[in-house]
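J.: Attaching a single structure in structure tokens format; questions to follow.
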Amino acid sequence: MSAPAVSQGRNVVVIGTQWGDEGKGKIVDWLTDHAQGVVRFQGGHNAGHTLIIGGKKTILRLIPSGIMRDGVACYIGNGVVLSPEALFKEIDELESAGVQVQNRLRISEATNLILPYHVAIDKAREAKRGAAKIGTTGRGIGPAYEDKVARRGLRVQDLFDPAYFAERLRENLDFHNFVLTQYLNHPALDFQQTLDEMLSYAGRLAPMVTDVSAELFAANAAGKNLMFEGAQGTLLDIDHGTYPFVTSSNCVAGNAAAGAGVGPGQLHYILGITKAYCTRVGSGPFPSELYDADNPARQDPIGVRLANVGKEFGSVTGRPRRTGWLDAAALRRAIQINGVSGLCMTKLDVLDGLETLKLCVGYMLDGKQIDILPRGSDAVARCQPIYEEFPGWNTSTFGLKEWDALPQTAQAYLKRVEEVAGIPIAMISTGPDRDETILLRHPYKD
């Protein structure tokens, strides 16, 4: 037997290094000028990627950001959990705006489905937790991953065998209805209604369903470049994030291999996205936090300014994001976990006009100084940030496209981030439009 073909294309993984919302969508869109395919490998429609193209705003939740580039193939890998209802809503919105989707989107047959009972359980659990809620989006992501790990999940491929799907659905619904009615005080879901709804999606899904793993291998062997688009961020990773205030999937670069069905040797460059400051949505520790709309004790004027100027509201939930200074110690943890090759800093322009900037370079934890984010949310919550201060700049960086055009103080700040992080900054985003970007090192070329 001959050996498998060696990958001829170059592949880039784009991941968030913070708590999500780093601006990955715009960067993926920008880089797909050099890619022929973009792959989602984890998460569901709980992640919103916002793109501004020609002044027009588009929010993508499930479909890869490459869909906004003509001719780019888009893939949903086996590591994603898929809501057909949410998918078709997104497809219809895009196609009504003139974007071709269904003939360019490929969905892994092994992708697990989000069913109505997953959504019901997600919402009912959060309501029951009250003040101790995790801060899920209530879209069924977590319960769908639970079923996957428990080996009772239903996959896309199961929709094409109605008898088998009905049998498995009845078993699952018996289990989940017991949880809903006996523990979560929620009405039971109807079997026939759920079955009819799910099977109604099969016909429209069928042309898009394929062996994504095999298609990606073939594309690479033919010399095509691929982009693996992460959702959420490293600090929300189920294993490496501030557990239990995390999402339900692995958001780190290594999961691009498992979640898309490619070998780890096919991940050639890891681009880590970080804002010039930090944000977080929902509950959980945040050492460099300045502002939380729901916490009267966290109302620092600079944090409020970051939220307002940066328009920090969740693209999916609409919830106000908490804001704080850039945390380089947390960034260092993310770089190590992901094996980041280069950084892209986004929203630098939001810092314009600040008299003084602060950069968290470490923490005091239980009387000891540490220089990397610790494991576990309890330890993170006890961290007191150690800051370095930098002079700000009064001139605008918005829309700049060359390094030399940046103010000297902005350059000094960025160089210090590089020093503390230990890796180079490859790109700087200076605005929401795809062209408002400073390129220092090209992930597909350097």
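Each residue, glycine too, has its Cβ placed from N, Cα and C.
From Swiss-Prot, here are the annotated features:
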- ASP21: active site, proton acceptor (ACT_SITE)
- HIS49: active site, proton donor (ACT_SITE)
- 20-26, 48-50, ARG321, 347-349, 429-431: GTP binding site (BINDING)
- ASP21, GLU22, GLY23, LYS24, ASN46, ALA47, GLY48, HIS49, THR137, ARG151, GLN232, THR247, ARG319: IMP binding site (BINDING)
- ASP21, GLY48: Mg(2+) binding site (BINDING)
- SER315, VAL316, THR317, GLY318, ARG319, PRO320, ARG321: substrate binding site (BINDING)
J.: I need the most crowded of these binding-site residues: GLY20, GLY23, GLY318, PRO320. Count other C-beta atoms within 10 angstroms of each C-beta and give me the top one.
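T.: Output for this query is GLY20.
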J.: When DSSP states are folded down to helix, strand and coil, where does PRO320 (substrate binding site) land?
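T.: The three-state answer is strand.
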J.: Report the nearest neighbour of GLY318 (substrate binding site) in space among the binding-site residues GLY20, ASN46, LEU348, comparing Cα positions.
T.: ASN46
J.: Looking only at C-alpha atoms, tell me how far THR137 (IMP binding site) is from ARG321 (substrate binding site), rounded to the nearest Å.
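T.: A Cα-Cα distance of 13 Å.
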J.: Around the residue listed as 'active site, proton acceptor', how many other CB atoms lie within 10 A of its CB?
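T.: I get 29 for this one.
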J.: Starting from the Cβ of THR430 (GTP binding site), draw a 10 Å sphere and report how many other Cβ atoms land inside it.
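T.: Neighbour count, Cβ to Cβ under the 10 Å cut-off: 24.
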J.: Going along the chain, which residues six or more apart from ARG321 (substrate binding site) have their CB under 8 A from its CB?
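T.: For ARG321 (substrate binding site), the qualifying residues are ASP21, THR279, ARG280, VAL281, ALA307, GLU312, PHE313, GLY314.
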J.: Please classify the secondary structure at ASN46 (IMP binding site) using three-state DSSP.
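T.: In three-state terms, ASN46 (IMP binding site) counts as coil.
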J.: What does the structure give for the C-alpha distance between THR430 (GTP binding site) and GLN232 (IMP binding site)? Integer Å is fine.
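T.: Rounded to a whole number, the Cα-Cα distance is 21 Å.
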J.: Measuring Cα to Cα, how far is PRO320 (substrate binding site) from GLN232 (IMP binding site) in Å?
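T.: For PRO320 (substrate binding site) versus GLN232 (IMP binding site), the Cα atoms are 16 Å apart.
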J.: Could you find out if DSSP has LEU348 (GTP binding site) as helix, strand or coil?
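T.: DSSP call for LEU348 (GTP binding site): helix.
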J.: For GLN232 (IMP binding site), what residues in its own chain, 6 or more apart in sequence, show a Cβ-Cβ distance under 8 Å?
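T.: The answer is GLY16, TRP19, GLY20, GLY43, ASN46, ALA47, THR247, SER249, CYS251.
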